[in-house]
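Taken from TrEMBL, the feature transmembrane segment applies to 85-105, 111-130, 199-217, 223-244, 299-323, 395-413, 419-440, 452-475, 481-501.
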Amino acid sequence: MVPTTTSSESLQNSATSSLADMKTCLNGAAVQKSQQQNSQNGINNQKLRVSAHRESAIQMGEYNDAEYIGINEVPSPRANNSKKLSILPLIFLIFYEVSGGPFGVEDTVHAAGPLFALLGFLVFPLIWSVPEALITAEMGTMFPENGGYVVWVSSALGPYWGFQQGWMKWLSGVIDNALYPVMFLDYLKSAIPALGGGLPRIIAVLALTVVLTYMNYRGLTIVGWVAVSLGILSILPFVVMGLISIPKIRPARWLVADVHSIDWNLYLNTLFWNLNYWDSISTLAGEVRNPKKTLPKALFYAVILVVLSYLFPLMIGTGAVPLERDLWTDGYFSDIAKMLGGVWLRCWVQGAAAVSNMGMFVAEMSSDSFQLLGMAERGMLPEFFAKRSRHGTPLIGILFSASGVILLSWLSFQEIVAAENFLYCFGMILEFIAFVWLRVKYPNAPRPFKIPGGTIGAVLLCIPPAILIGVVLAFSTIKVMIVSLAAVAIGLLLQPGIKLIERKRWLKFSTSSDLPDITSHGPLVQ
């Protein structure tokens, strides 16, 4: 959908009407509707719809039937529910945004041994994954549109910092997506040695990127159900491996630890990379059917699925096979499969790794490209980023994201993980600030899903992940710091440059009239 330009006078009148309706809604228990004729500006039959705010804490997955504030009563082309995501595809898209299975967790054993690897995937979800998923559920249902976390930060800290959030998160997402062709080929190179390097590897990366990019182009609904199919195929061989390994399990092997030989940088970066990106699904909130009910439930089930998909294979691999830490690197699960079941199981695991990386690629690219679309609908990027293909997908955003993946795919696994973690940490800091600030400044704003505990609870929820961010940043190498800070600096200069282009009218910018105002006088946060 191409956003339409709204005049400043019209926006002012819409905001005034929105404030009036919000006050009526907050003072009553039922949903109020108002209609204002504005012949001067040519805007007719505009309606504002919001729900009565419920102060009591809502458990994860509950829903109070609040409706997102819309300006136009006429539904936009995006509102076709038949093309929107239902809960099952959404669960697996979150699964692939965050995890995709145990492929890539091998380095935790290499870095710290079995005990700390298992503890890491038990404790870190409580420190990081659960808080991030809860914040995503609250903010994603408060702002159910494709801008996601960009809109959260913009509403709290202003459009400049909203743009910085978008830049850092998009760049970290593209860097993250560059991992998947690398991991895909790492799992196949033992069976096809030619893929280990040189021209065959380059051709394979380009071909894989083109095929998966085309899949994103064809539509998010297709991507969602593909994610479900690929998820089942990714998990199934480890279920079989677990049944085969039962007679060989030695629980004492799970307790092996050597504190003095832990590579903390590799250990923390691998854990962090495998347990983050829960907020990425927020950039697809505008494509979800009934997001205020569906999104929290999908996040809840996805947390369980992700944690189990890590712990179960790790317990098999470390408990059924004698420990050789140096061998625990990317792709080692396929070797374990051969030890336990033979060549056929190894080939199955390699195939599962391949389809898992395909799932992670298409999920991440969907999130990144729809984020650019959401930013364009908010006037932060040129209007051409908001144009959709005939399949309803953001074609320009997909092409930009695919180009970044190709440019970065030459980096090593460890370098990619460290760089994207660094940028991701900066983005999460802005999210935590926005989350707390909106709780403090606008405590009565409608929140279809609300984390219990009030403002104090919101602050306490952010403390453990904030400490973890500090630790991850402290263990970053000088090279990663320099590259990442340079990327941050580019964003600081890029936003004023884009605003200059807008003022000079070198490119067309517009704000979608289907979206509510999120400025300081906007209705959503008053």
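Count begins at 1; order follows the chain as displayed.
Every residue gets a Cβ built from N, Cα and C, even glycine.
Between the transmembrane segment (85-105) and the stretches 111-130, 199-217, 419-440, 452-475, it is 111-130 that has the most C-beta pairs under 8 angstroms. At the 8 Å Cβ threshold, with sequence separation of at least 6, the transmembrane segment (452-475) comes into contact with the transmembrane segment (111-130) through 3 or more pairs. Listed as Cβ neighbours of the transmembrane segment (223-244) (distance under 8 Å, sequence separation of 6 or more from its ends, same chain) are residues 85-86, 88-90, 92-93, 95-96, 100-103, 215-216, 309, 312-313, 316, 336-337, 340-341, 345, 348-349, 351-353, 355-356, 358-359, 362-363, 366.
For the transmembrane segment (111-130), the list of distant contacts is 98, 105, 253-258, 261-264, 266-267, 270-272, 274-276, 278, 303, 306-307, 310-311, 314-315, 318-319, 323, 325, 464-465, 468: same-chain residues at least six beyond its ends, Cβ to Cβ under 8 Å.
Panel annotation: around the transmembrane segment (419-440), residues 132, 135, 138-139, 142, 149, 152-153, 155-157, 161, 164-165, 168-169, 171-173, 175-176, 179, 269, 272-273, 276-277, 279, 411, 454-455, 458-459, 462, 465-466, 469, 472-473, 476, 480-481, 483-484, 487-488, 525 of the same chain, lying at least six beyond its termini, place a Cβ under 8 Å from a Cβ of the stretch. Nonlocal intrachain contacts for the transmembrane segment (299-323), taken as residues 6+ away from its ends with a CB within less than 8 angstroms of a stretch CB, comprise 60-61, 91, 94-95, 98-99, 101-102, 105, 108-109, 113-114, 117-118, 121-122, 125, 129-130, 133-134, 136-137, 235, 238, 241-242, 245, 248-251, 253-254, 256, 274-275, 278, 281, 332-333, 336, 339-340. For the transmembrane segment (481-501), the list of distant contacts is 160, 163-164, 167-168, 171, 380-382, 419, 422-423, 426, 507: same-chain residues at least six beyond its ends, Cβ to Cβ under 8 Å.
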